[in-house]
Amino acid sequence: MPKSIKSRVDRDEFEGTHKSTLEKPNLNGDRLNFYLLIILYIIQGIPVGLSGALPIILQSRKMVTYEDQAAFSISLWPYSLKLLWAPIVDALYVKTIGRRKCWLVPLQFLLGILILYMANNIEDWLPESGKPNLKILIIMFFVVNILSATQDIVVDGWALTMLKKKNVGYASTCNSVGVPFGMFLGSVCFTLLVSEQFNVTHFRAAPGAGGLISMKSYLYIYGFAILVITSIVGIFKKEKDSSLEDGCININVFQNYKLLWDILKLPRIRVLAIALMTTRIGFTATDSVSNLKLIDAGVSKDNIMIVTSALYIIKLIMPIFVSKFVTGPKPMSYFLKVTPFRLLWCTTYVILVYFTPSLIRKDGLVAVPTYYYFIMASVLITNDMLNFFMLLTLFAFFCRLSDPRFGGTYMTLFNTFFYLGFLLSNTVVLKLVDFSTFRKCSTNDQNSCSTPDLKNLCSANGGSCVISMDGYYIVVFISLIIGFIWYFVFRNIIKKYQSLSISHWMINIKRPVAQTATESCLMPA
């Protein structure tokens, strides 16, 4: 092809792609795709919610130790490790079925079958009284979250091609609506619906009637819903061939992993990775353990979940009011301003936990006064608002740093660093709380209650094991010190990084000259 003709073709392709991105978004003809994406994201969010609800339920039933809670927290790790297999999901597919559909349908069928299997056995694994089968619960939820995390990769990728180019911006709306709503269904709704106390208190049910719905029934409904929706998608939903779109560059598995390696070789990325993996340490103890300590003190898990439901509403409307801060040229300046204030706010959580037993107990019986709920709600809501604001500024920072040619890969990598650091520190903190908590027998100070035999001996002598030193306060103090150290070490580094131009974060890669790369083709979810 003559050079002049070739240049004109390339220009026409670019202008056609550019024009489609400038068209005014309009969901006419895309509404079914829009609603389908929201449903798929809801399916994805429910396992996350269930994984967060189960520790609350276990703690309220006095069934587990903090070491057990640390072990169960491992079940959420797949969401931080999905980058390891995302390139495989993105590059390998059956073209006749569809790049994303060939993964989505079998994944969701497996997820639905696994949920039904859990429903059939949940009453044996998690009885109303007695020790739960924690090992099988951890394994099952770990596998469920692997499937859900992989479904996340697939749906994120499909969202960019399922919608028309002019409507691709709605993909983030589907995610931000669907996933939180799914988490709400899996955490708040699940906990309250299966709670007998909630049923008795608010619906005047007779004691012993159980919750409004059993765990078994809830999981059966969720499992069958997945199978029905997946069958409809498998039969009726056709996937267009995204490889035929203008400007698409197909990247194979090897190239995807090499792209990640090239990004990791950037010196600033390695420093940023350390900062991201340690940024939540200062807050982890209060975020992960405080609610469990309130339940230990006698606060109803149902009331904590009711407050949590208000937090979901705040998260939906809060971006409207803070958008001007997070969309500016230096979002991390606000992150750094809020960090010391939030670290100090953690002390209010500690004060609340410390005084809760004396505030809600009278003559040895739990009697929670109304004013206590206002205090608890103000502490929890303020903490979550600060946390959510910091997350918004952090994700805006990720967007500014990402090489626009490979924004999806960059964003996934940054999110992996951030959430992996949080989940690792969460597991370590729960273990440390258990390790640094010391007990003694109420009838024998020499009995440390450190082994099951000593605990049984204490009970046989008419005593009970009481806490002599609560590891929660020790771990929170250590976390806060680490948090302030992080702030003074990385403050100037982050300020410098957000001021750098995009060229400092770009990597060199050979690309076909005649093709204009689009984000939808390069994003490995």
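Easy rule for this one: first residue shown is 1, then count along the chain.
The backbone N, Cα and C atoms fix where each Cβ goes, and this holds for glycine too.
Record features (TrEMBL):
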type	residues	note
TRANSMEM	34-58	transmembrane segment
TRANSMEM	102-122	transmembrane segment
TRANSMEM	134-155	transmembrane segment
TRANSMEM	176-198	transmembrane segment
TRANSMEM	218-236	transmembrane segment
TRANSMEM	266-283	transmembrane segment
TRANSMEM	303-322	transmembrane segment
TRANSMEM	343-360	transmembrane segment
TRANSMEM	372-398	transmembrane segment
TRANSMEM	410-430	transmembrane segment
TRANSMEM	471-490	transmembrane segment
Same-chain residues at least 6 beyond the ends of the transmembrane segment (134-155) whose Cβ lies under 8 Å from its Cβ atoms: 37, 40-41, 43-44, 47-48, 50-51, 54, 64, 68, 71-72, 74-79, 81-82, 85-86, 89-90, 100, 103-104, 107-108, 110-111, 114-115, 118, 125-126, 524-525
Contact between the transmembrane segment (218-236) and the transmembrane segment (471-490) (at least 3 Cβ pairs under 8 Å, separation 6+): no
Segment-segment contact (the transmembrane segment (266-283); the transmembrane segment (410-430)) at 3 or more Cβ pairs under 8 Å: yes
Intrachain neighbours beyond the transmembrane segment (471-490), with Cβ under 8 angstroms and 6 or more residues off its ends: 66, 275, 278-279, 281-286, 289, 293, 336, 339-340, 343, 346-347, 349-350, 353-354, 429, 432-438
Region pair the transmembrane segment (372-398) / the transmembrane segment (303-322), three or more CB pairs under 8 Å: yes
Best-contacting stretch, by C-beta pairs under 8 Å, relative to the transmembrane segment (176-198) and drawn from 34-58, 303-322, 343-360: 34-58
Surrounding residues of the transmembrane segment (34-58) on its own chain - C-beta under 8 Å, 6+ positions past either end: 27, 64, 68-69, 72-73, 75-76, 79, 104, 108, 111, 126, 132, 137, 141, 144-145, 148, 151-152, 155, 158-159, 162-163, 167, 170-171, 174-175, 177-188, 190-191, 194, 222, 225-226, 229, 233, 237, 291-292, 295, 301, 304-305
